[in-house]
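Some features that TrEMBL has for this protein:
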type     : residues : note
ACT_SITE : F:R88    : active site
ACT_SITE : F:E91    : active site
ACT_SITE : F:S114   : active site
DOMAIN   : F:75-146 : domain 'Cyanate lyase C-terminal'
Number of protein chains: 10
Amino acid sequence: MTREEFTEEIVAARLAKGLTWQELADAIDRPVVWTTAALLGQHPIPAEQAAVLVGMLDLDESAIPVLAAVPMRGGLPTAVPTDPTIYRFYEALQVYGGAIKELIHEQFGDGIMSAINFSVCLEKKPHPAGDRVVVTFDGKFLPYDWTSAAT
Amino acid sequence: MTREEFTEEIVAARLAKGLTWQELADAIDRPVVWTTAALLGQHPIPAEQAAVLVGMLDLDESAIPVLAAVPMRGGLPTAVPTDPTIYRFYEALQVYGGAIKELIHEQFGDGIMSAINFSVCLEKKPHPAGDRVVVTFDGKFLPYDWTSAAT
Amino acid sequence: MTREEFTEEIVAARLAKGLTWQELADAIDRPVVWTTAALLGQHPIPAEQAAVLVGMLDLDESAIPVLAAVPMRGGLPTAVPTDPTIYRFYEALQVYGGAIKELIHEQFGDGIMSAINFSVCLEKKPHPAGDRVVVTFDGKFLPYDWTSAAT
Amino acid sequence: MTREEFTEEIVAARLAKGLTWQELADAIDRPVVWTTAALLGQHPIPAEQAAVLVGMLDLDESAIPVLAAVPMRGGLPTAVPTDPTIYRFYEALQVYGGAIKELIHEQFGDGIMSAINFSVCLEKKPHPAGDRVVVTFDGKFLPYDWTSAAT
Amino acid sequence: MTREEFTEEIVAARLAKGLTWQELADAIDRPVVWTTAALLGQHPIPAEQAAVLVGMLDLDESAIPVLAAVPMRGGLPTAVPTDPTIYRFYEALQVYGGAIKELIHEQFGDGIMSAINFSVCLEKKPHPAGDRVVVTFDGKFLPYDWTSAAT
Amino acid sequence: MTREEFTEEIVAARLAKGLTWQELADAIDRPVVWTTAALLGQHPIPAEQAAVLVGMLDLDESAIPVLAAVPMRGGLPTAVPTDPTIYRFYEALQVYGGAIKELIHEQFGDGIMSAINFSVCLEKKPHPAGDRVVVTFDGKFLPYDWTSAAT
Amino acid sequence: MTREEFTEEIVAARLAKGLTWQELADAIDRPVVWTTAALLGQHPIPAEQAAVLVGMLDLDESAIPVLAAVPMRGGLPTAVPTDPTIYRFYEALQVYGGAIKELIHEQFGDGIMSAINFSVCLEKKPHPAGDRVVVTFDGKFLPYDWTSAAT
Amino acid sequence: MTREEFTEEIVAARLAKGLTWQELADAIDRPVVWTTAALLGQHPIPAEQAAVLVGMLDLDESAIPVLAAVPMRGGLPTAVPTDPTIYRFYEALQVYGGAIKELIHEQFGDGIMSAINFSVCLEKKPHPAGDRVVVTFDGKFLPYDWTSAAT
Amino acid sequence: MTREEFTEEIVAARLAKGLTWQELADAIDRPVVWTTAALLGQHPIPAEQAAVLVGMLDLDESAIPVLAAVPMRGGLPTAVPTDPTIYRFYEALQVYGGAIKELIHEQFGDGIMSAINFSVCLEKKPHPAGDRVVVTFDGKFLPYDWTSAAT
Amino acid sequence: MTREEFTEEIVAARLAKGLTWQELADAIDRPVVWTTAALLGQHPIPAEQAAVLVGMLDLDESAIPVLAAVPMRGGLPTAVPTDPTIYRFYEALQVYGGAIKELIHEQFGDGIMSAINFSVCLEKKPHPAGDRVVVTFDGKFLPYDWTSAAT
């Protein structure tokens, strides 16, 4: 079975067993955003932790090496997401992407926010006018740096 | 002149005069991400503040009502951004978008993070292994709510 | 089984049993547009109501938690719809979308009609020249509002 | 000059003169959605009314026959709209399009809502939880009808 | 089984049984273009006629309500057709579409040829230089007409 | 000046002078669909006839050799047309294209309707329920024929 | 089974049996390019010849009427081919397509090279600097000819 | 001026002066397909020959170094060509591309026909049933060869 | 079974057996990049070597002729890769592709780096600031050369 | 003037003055790939060096701050490059991209080759069978690392 097929099984098994993503993350003691992304096929899951999750979700043992392998990443079914919850982040990029780029350059110089040395955090914060979803993208600044391996 | 033409003029004038986005934001006392996005054509700028900016940038007075009008938003030149600094945010969405969706639903219920009742904040945070770009997307949670106007 | 597979089963079972969408909506006492969209995979259906529908349609009980989970939304098979009945709404957007945007801004200010705090209603209205399809999109106005969670 | 060029001029002239779409519509005694769509290049404007608008907006007289000609319609710059205000209608179609299709067929039979024998109306309706944007698409039902001209 | 699956079965069964589209159309006494389009999944087939066709093609009885339901229309596998026989019609639209539009407006006024109150007829006509395929698109003229349901 | 630029001039000049396509076609004694398509940039116009049209439309003489050259054909601004009047023909292809293909093969054998040895005719035909647009595509049948030049 | 499924079987069976395309073509006494294209799903194969091929490849007899039917043509999996061997022809079209068009018009007048009354020939020709692939596209010239069926 | 702008000038100047592509090719003693492609912006033209052509076409002298530089190649305005004369070659690729690939591999082994060590030749050949366009693509066979530079 | 299906089996079997790509390459004494690409479906694998690999991976013997056949190449699931590890190479092409083109022309003349007479090498090189991935693309220079087969 | 406009001027001025990219790079003592990419609009050029280049190319002084600003990167005119010299790198990615990904993971672990801490080097290397283009992509390995800024 492919990673994609195991991902489908994971999604179904989680619902059937009534497990939350938080419970799955707690079971392997990893951050919940990371764990959810990994279970949705976006990160390798080390064999030891994969074994725990495979047990909780009653998957076949053969899933373990597949979950432990680095997957082909990129989880959106279309280039422009159609799901409203995900689309809002794409929209924010359409509206604020240019400004974020300008300000990274103004404050840090030429370079990028790494999406590899990176973490995402999602919090629920109260506000008099209604709870807020606060999503923090936190990546190391990588300056453009023209370096070569020593020869 | 169209809003797009004024945006091109703003970009060129800012460089020619050596003004930072922060200085422009300070001049109108608005957050810097908002101001930068607005000057890049993504938000209307109230006439009074537009007048200040038009003055600083030596634009024609006729820019003021155009800047004050609600623009056609959507600032990326291609559906999938090619600029590396902007692309990393798109990539984060490809890798973490599904997880963020699942966790918004797990923690808040069915609904979305608003991209309208919303702010973005960009910070430079120190870290022993190198400075970090921390971008916070902060939007009101909007639950799916089947409501109609009273008739 | 995935939500998509259950949706296919629902479509087939409804036809085989000769049930109308209205009958299905009445059985769970929910608006018919909402119920139809939900059964076509666009909304979660609370477990209690899902159980009623699963019974009427003779689906497997394992469908209930899947129907109750928030789905990956976005139901059109192509970005531009090819079905004539659906296309007319896309066409209306091509022809009137710009005008609707301008008038929302003129009458309400800068912001959007929410598609989340939202309902759709479809009515058959008589007219001397032939019955009319009247579809009402009714969403809360959301003003652009640069707000952050308290820190 | 092409219709597209006159549309750009109209957009700029309206802002410069501080005219509302409603004032322009009132001046020619036509519905405001129709007038706005027409001025944005989506409908021909009969010469007499075009003359009034050309006068109010100080355009060149040569605009009149161009405004009076049937334009190449289709006003969105991309197949999937990026502007948030317009996108919400596209999103509603992604989420409710399938349901609307099913219910048109259930209530009227096989056919479509015409987008030609059609009107759009935009209203601001109060609601305790905030004003609502109510957009009504009202089109004649056209049944699929296999008819030929007499020979 | 879905409509798409029944369409595949119909295509295979017709070939296996050596039936012509004309014979199938004659059996239900409907025009041959309509019948072929319907059997290819583009129109609902009333149950009585569906029963005849299901019998001739030895399909399962469960096909009848599926064939009788209004399908999701739009039968081309790609937006621009690759099959040469179908492509020529797309090409004709690329070359003559603009002219047809202009002349509909010149002869009828602003409006469209309906594709719903519509029939297609395909004839083989002799010509000294070789037989000709004559395809007639015959649709009711629908003038743009800004009408609303009475309130 | 390129052909595209002359086409824009032709479109504007025709409106300014109030000439119909029919009048332009009559002036050069050619079918009106052909003439309109040619003036919209889809066919070369022999120099003698081009001279007549250039005179009527007050274009520069330098237009004549450009109009007389074979143009780069393909007149739709997007692969899927957005203009409603043109779209209906694309829709008819989506719904009836497969059937037309099958019936060409059933009645003529394997091959195509030529779009080169081809004419289009647009007629206004009366019908008790309203005038009809009747568009006839009339092309020579070309059988698939595996022929080579003699060597 | 559909034509696509039989094509997959043919591809696999040919490899398993170690047959060359040339041997298959020789067995039915047809040109090898034609035969290969036909077996890859691009041409109907008359029943008598299909029977020979079905026998050689050990396919089910039910394949014969499917192979004998005119297929939905268009064999490339993506609009721009990714396979390097096929891509070079697409590249040649990008680089020389405009020139070929100009020279067909200069030497023959306005019209096209038919791809229907057409043959392709592939030869291996020696050259001091290495063997050459020589592919000849040989199609009847079809002049643009505005002809109609007699009425 | 860019190469694209000079290409536009060349196209217009050739028509205005009534020069054939053959005459231009003869003037620089190069094959006509090569010359036409080069003048359409697909090949660099050595300065000496560029000077001849610039003279014949009355272009500015500054064109010479631009024509002599290697251009950004790829001359089709859309990924799938819409011009019928060019489209037929794309169609031939859709129908015969897979077969050509198989036969190159069967006759030569794994590899490609080079589109760089390559020539195209267009001939008009007589045939009792009408003249034929014969286009020969002649490229060196390049076997897949895993070679590295010596280190 | 198709090549694609065998590729999926290979991917799964390698993980299940815990074999590295390097071990598979060593077993057939071929470069590791070549072997990995071949096992991922991008190169034919000669029968003798295929037999070794099929043995190590416990695949069915019927895989051997399929692996030995030239595959339809082009291994990325989307035109723009979404996987971050692969995307970085696409990004490098976006940023440096134009420069590489200019410098190939400046140093070698008009032509290309062959991707057929070509090898890729991936090395891990140390650097004080962290290990580096060094990927070398090494292809024969092919000058544009207008050559034809002798006739 | 925008960066894109200055890039066009640079391209034209370099040809007019007969300067090589190497001479421009030498003048500012920077690597030639970097300099070429920068002059083609892909990197900011520090003001001091920009001044040198602006002098050599006779551009307006106002170019200096524009060249010194971080540009919107992404230099290919289409998502899939059509120029043959650039396309070969895209093709290499199609054929070897999957293998490169697997081997980066096998040799380094989960992570990417940075395209920011990165250099490209192009060399001409001799080989008995013809000179070779050797392009080295040299980027720091970045392991996936779930790190956050200290709070």
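Glycine is treated like the rest: Cβ placed from N, Cα and C.
In sequence order, the active-site residues near chain G, meaning those of F:R88, F:E91, F:S114 whose CB lies under 8 Å from a CB of that chain, are F:S114. The two recorded residues, F:S114 (active site) and F:R88 (active site), show a Cα separation of 21 Å. Neighbour density around each Cβ, counted as other Cβ atoms within 10 Å, peaks among the active-site residues F:R88, F:E91, F:S114 at F:R88. In sequence order, the active-site residues near chain C (CB to CB under 8 A) are F:E91, out of F:R88, F:E91, F:S114.
As a whole-number mean, the pLDDT of the domain 'Cyanate lyase C-terminal' (F:75-146) in this prediction is 97. Classification of F:E91 (active site) by DSSP places it within a helix.
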